[in-house]
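What follows is a short report on a single structure.
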Amino acid sequence: MTTEEDMRSSSSESSPKSFLSLPYDVVFNCLSRVSRTHDPILSLVSKSFRSLLALPDLEAERFRILKNETCLYVCLNLNNNNNPNPSWFILSQTPKHKLIPLPSLPYPDPHPNCSTVVSTGSEIYLLGGFVAKEKRSRRAYVLDCKSHQWRRLPKMRIARKEAAANVIDGKINVYGGCSSEYHNSVNWGEIYDPMTQTWEPFPEGALNKEGVIPCALIKDGIAFPDCGLLISGKVYDTTTMDTLDYNTPMDKLDLCPNVCMLKIDNQDFQASVSDGKLKLVRCRGAMAWHWTVGGLEELSCNYLLSVASPGGGRRVTVWWKTYTKECKTEIWCALILLERELVWGVIEWSENVFTLPGSESDSDSNSFLLHYELVTLARH
């Protein structure tokens with residue numbers, strides 16, 4: 001005769017075991033072999049998972065096993081009623097290429113528009129931008145790419161939007177983006193020191209333009225020599241400035257959307273998306289050669305919105321949207337290898353990386369891929 005105690009015992013034995021019920025060493029060993037790109041999803045499972053993922057010992061073991069791991073982070077304007085604010089993702093490589101959502105900015109802060117992004121080490125900095133009533137913001141945030149958590153930083157000294165930024169000697173240098181009252185003052189730029197967590201103006205008389213490189217500007221297929229500036233891989237239009245020299249504050253920089261720089265065989269190229277197609281431009285002096293990349297017939301039925309070259313070499317990613325009959329929006333990405341003297345592209349992969357409800361159409365390529373950063377988590 002089966003007793004009630006036997007039934008409870010049998011039921012207990014047949015119920016599925018939790019992963020966390022395994023010996024600690026087994027759990028630790030398994031998690032150490034999982035790519036960091038999956039951490040945002042794993043952290044949602046339970047508080048126990050979040051605690052495990054935050055362990056310094058786990059990070060050390062991952063560095064030992066996985067060594068360097070390079071991850072692409074993107075900020076997209078989904079322009080969807082369910083996602084009205086820009087959203088950050090990490091692009092997972094395995095088993096399929098998928099965008100994994102990252103946590104939002106610290107509540108209740110909305111994501112600013114026209115902000116500036118720059119990365120150093122395992123951190124991504126988000127600076128300034130427009131907030132309520134399109135006012136410039138002094139706010140600054142940093143994303144820890146190990147824990148995938150945002151935290152607030154001390155506010156900048158001056159409110160800015162669409163500023164330029166780069167990293168010099170481990171410090172964040174921010175240029176321009178301020179109102180006209182600061183255009184001719186030392187406050188047109190400032191420096192953030194992560195060690196002291198303080199903002200300081202540029203030293204008087206020192207414009208800190210290391211890493212700011214003059215480059216050609218392409219408009220409607222015409223090259224304008226030295227009318228652009230290359231800062232952290234981004235191209236800025238300086239044609240609205242009165243003069244361009246190293247004694248003039250960069251107070252009127254305009255970011256050129258959907259343009260990325262490629263360094264191939266010691267030559268500079270600009271990749272861009274125009275009329276839904278991937279195009280390349282090579283500049284030499286006042287001359288410019290531009291062409292549409294061939295070999296991409298598989299993508300010809302899609303209207304490309306954005307291009308990014310996180311590595312700066314022969315590979316670029318292109319992005320576009322499709323809309324389904326089920327009123328869903330699919331975000332697609334393809335990795336393209338440029339070959340045959342860069343006139344031909346080979347599609348290494350092309351996948352639907354994210355699907356969201358709603359099909360609010362928006363083909364404005366200038367406002368889709370807002371930011372991207374390639375972050376390498378290196379073993380120290």
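Using the three backbone atoms N, Cα and C, a Cβ is placed for every residue, glycine included.
These figures come from a predicted structure and were not determined experimentally.
Averaged across the domain 'F-box' (16-66), pLDDT for the predicted model comes to 72. Residues annotated as domain 'F-box' in Swiss-Prot: 16-66.
If you look up Swiss-Prot, you'll see 123-170 marked as repeat 'Kelch 1'.
For 172-219, the entry in Swiss-Prot reads repeat 'Kelch 2'.
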Number of helical, extended and coil residues in the repeat 'Kelch 1' (123-170), per DSSP: 3 helix, 23 strand, 22 coil
